[in-house]
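Single-structure report; data block below.
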Amino acid sequence: MSGFKVVSLIILEAFYRMEDLKYLYFVIFFMIYMLVLFANVTVIIVVISNKVLHKPMHIFLCNLAVNGIYGSTALLPPLLATLMSPPHEVSLACCQAQTYFLHTYAIIEFTILSVMCYDRYVAICYPLQYHTIMTITKVYKLIAFSWGYPLVAFALFFILTLRLTHCRNIIGRVYCSNYSLVKLSCDDTNVVSGIGLLSVVVYTFPQLVMTFYSYVHILKICFTATKDSKIKALKTCTPHLFAILNYSVGCFFEIVQSRFDTSYLPFETQIFMSLYFLIFPPILNPAIYGLSVQALRGNIFRLCGICMLCISLCFALTCAIMTIMLVSDTGVLENLLQ
């Protein structure tokens, strides 16, 4: 330990490979963030403003949208700031904070999807008792569990990471993660890594049990139900299955990038894989539910007509910002004057 210099700044190395096209990347990520905000805020406004949508499934969907904003805000504004900052450095404290936010976003997402799965199980297997079982009190308890359990559970484990001393300061990604921080430590991390693997089971086991239990019973009901009931059950479960599949693909990409060497892949592919679970679920979830749930679809389309003007203004503002940034760049300005 005496020969190591304790670091306070973290270099996100992947940004150096984006330097030549940083203005293009800035526009892309800025527009993605605007799209995430627009899509999820639209769902939240539609659900809150329409009393007919004050049902358990739509309330859970509203929470999914809130979590999408939470995760995207933890990723994209810091990403944009670091991209335009020449050293591409962040403080260790900011890196640790982002790690906590992004990991809790991922666990909350999975927990909410599991709660929505339980809601579909009750709706299909116990349709007559649905409103008796899914009372507003129970809905609030499930929402509190969806947020409270991940926030507390990950915090208890993350304390171990916070106690590590870091003697290296280069992360080869565009955001901070727990595994990346652990690899920067000059301490013995075998215990932390072992507990980290165990914690994955703790974070996911209750949700997996709830999901598998719910769908096993839904399948049993479908095998004995009438054709019309099967079609109705399929329509009810399809958006949720797509959402779980989308999230699972993102988690698979994240596990592959974290645990295996992917340096042989093109840089753009690495960026796509690392950002998938942070960007695509918040974008696609509102689209999946907004287009498939009839009660949401009509209200969303009406609101979209009003908001398209806002998107056009945001795009024009982005173009204006990028023009100013390009002109203010000394190298670009000199080329323009030659």
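Using the three backbone atoms N, Cα and C, a Cβ is placed for every residue, glycine included.
Note that the structure is a prediction, hence the values are computed from the model and not measured.
Here TrEMBL flags 23-48 (among others) as transmembrane segment.
What TrEMBL lists as domain 'G-protein coupled receptors family 1 profile' is 39-289.
Residues 26, 29-30, 32-33, 36-37, 39-41, 43-44, 47-48, 90, 94, 98, 101-102, 105-106, 108-109, 112-113, 115-116, 119, 139, 142-143, 146-147, 174-175, 243, 275, 278-279, 281-282, 285-286, 289, 293, 296 of the same chain sit 6 or more residues outside the transmembrane segment (60-80) yet have a Cβ under 8 Å from a Cβ within it. Per TrEMBL, the feature transmembrane segment maps to 60-80 (among others).
For 100-118 (among others), the entry in TrEMBL reads transmembrane segment.
Counting same-chain residues at least six beyond the ends of the transmembrane segment (139-160), those with a Cβ under 8 angstroms from any Cβ of the stretch are 56, 59-60, 63, 99-100, 103-104, 107-108, 111-112, 115, 118, 178, 191-192, 195-196, 199, 202-203, 206. Annotation comment: TrEMBL describes 139-160 (among others) as transmembrane segment.
Summarising the annotation, TrEMBL assigns transmembrane segment to 191-216 (among others).
Same-chain residues lying 6+ beyond the ends of the transmembrane segment (237-256) with a Cβ under 8 Å from its Cβ atoms: 64, 106, 109-110, 113, 116-117, 120, 124, 211, 215, 218, 262, 272-274, 276-278, 280-281, 284-285, 288-289, 292-293. Annotation comment: TrEMBL describes 237-256 (among others) as transmembrane segment.
Here the transmembrane segment (271-291) has long-range neighbours at 14, 32, 35-36, 39-40, 42-43, 61, 64-65, 68-69, 71-72, 75, 102, 105-106, 109, 173-175, 239, 242-243, 246-247, 249-251, 253-254, 256-257, 262, 265, 297, 300, meaning same-chain residues at least 6 beyond its ends whose C-beta is under 8 angstroms from one of its own. The annotation transmembrane segment is assigned in TrEMBL to 271-291 (among others).
As annotated by TrEMBL, transmembrane segment applies to 303-327 (among others).
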*Would you report the average pLDDT that the model assigns to the domain 'G-protein coupled receptors family 1 profile' (39-289)?*
87
_Chain residues in Cβ proximity to the transmembrane segment (100-118) (below 8 Å; excluding those fewer than six residues from its ends, i.e. six or more beyond)_ = 57, 60-61, 63-64, 67-68, 70-71, 74-75, 142-143, 145-147, 149-151, 153-155, 158, 175-178, 203-204, 206-208, 210-211, 214-215, 240, 243-244, 247, 251, 254, 277-278, 281
